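Visitor: Per Swiss-Prot, the feature DNA-binding region maps to 155-214. Among the features that Swiss-Prot reports, compositional bias 'Low complexity' is placed at 102-114, 223-248. Taken from Swiss-Prot, the feature compositional bias 'Polar residues' covers 115-131. Residues annotated as region 'Disordered' in Swiss-Prot: 68-131, 213-264. Taken from Swiss-Prot, the feature motif 'Antp-type hexapeptide' applies to 134-139.
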Amino acid sequence: MIMSSYLMESNYIDPKFPPCEEYSQNNYIPEHSPEYYSRARDTGYQHHHQELYPPRASYQERQYNCASIPEPDTPRGHGIPQSAHLLTGKGQPASCETPQLSMSPATPPAAASACNQATPEHPNSTASSKQPVVYPWMKKIHVSTVNSAYNGTEPKRSRTAYTRQQVLELEKEFHYNRYLTRRRRIEIAHALVLSERQIKIWFQNRRMKWKKDHRLPNTKVRSSSSSGSNTSSAAGAVAAASATNTGAPDELTGAQHAEDITRL
């Protein structure tokens, strides 16, 4: 019943919305006309709402005005007072966002000027960033340690100059062991302050020199000569077997010829 009487009231004032042309670019909706707020409501509408909700003492009688609201006491030095947020005049709002909007277009030129000032100081920064950085470990290096004065080119192999003490210790080790194990090689490298690669190369060269001094055949040459002798002996055996096989049929033919003569 309450809703039906509410809808059937002919004196109910419909809300009036302004046309779309009055909207500004900042999506600000202007206020309604003072006539919309000043008109009194119908008694029947108030009567039904008084039955549902208890009435308030000063809500219907007191008229609020945006310009007559007292300003609260604000401490000094705390920014813009609250009166700037209230409505002044005939619906012209005083918004605190206006200084921000006015200052915002000025900030990008300042940033652009700062970038323009920074670019002359480093003109080659963009050119260097485009070129890939090539580190020393990305190139092939034959030396064991990286030289501090590396200029980007591949250095040549340098011949290791062993000291007299290092050569003496290596000769002693070679006298007892011509071939080193990995563990013994690491121990000698730490003792003589050399790398494992240098120890390995020195022992390879020393073994070749020892074979040359003692006139020992090379391992590869000896294996090829032994394989050649094996092939020659196998060929001789095959030839002998073929000779014996060819001689046997001749003897058989001679015996058969003798038997034929006796029969005649």
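Backbone N, Cα and C define each Cβ position, glycine as well.
Source: prediction; values computed, not measured.
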Visitor: Per DSSP, what is the helix/strand/coil residue tally across the DNA-binding region (155-214)?
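Guide: Final tally across the stretch: 42 helix, 0 strand, 18 coil.
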Visitor: Please list the DSSP helix, strand and coil residue counts for the motif 'Antp-type hexapeptide' (134-139).
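Guide: Its residues divide into 3 helix, 0 strand, 3 coil.
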Visitor: If you average per-residue pLDDT over the DNA-binding region (155-214), what number do you get?
Guide: 91
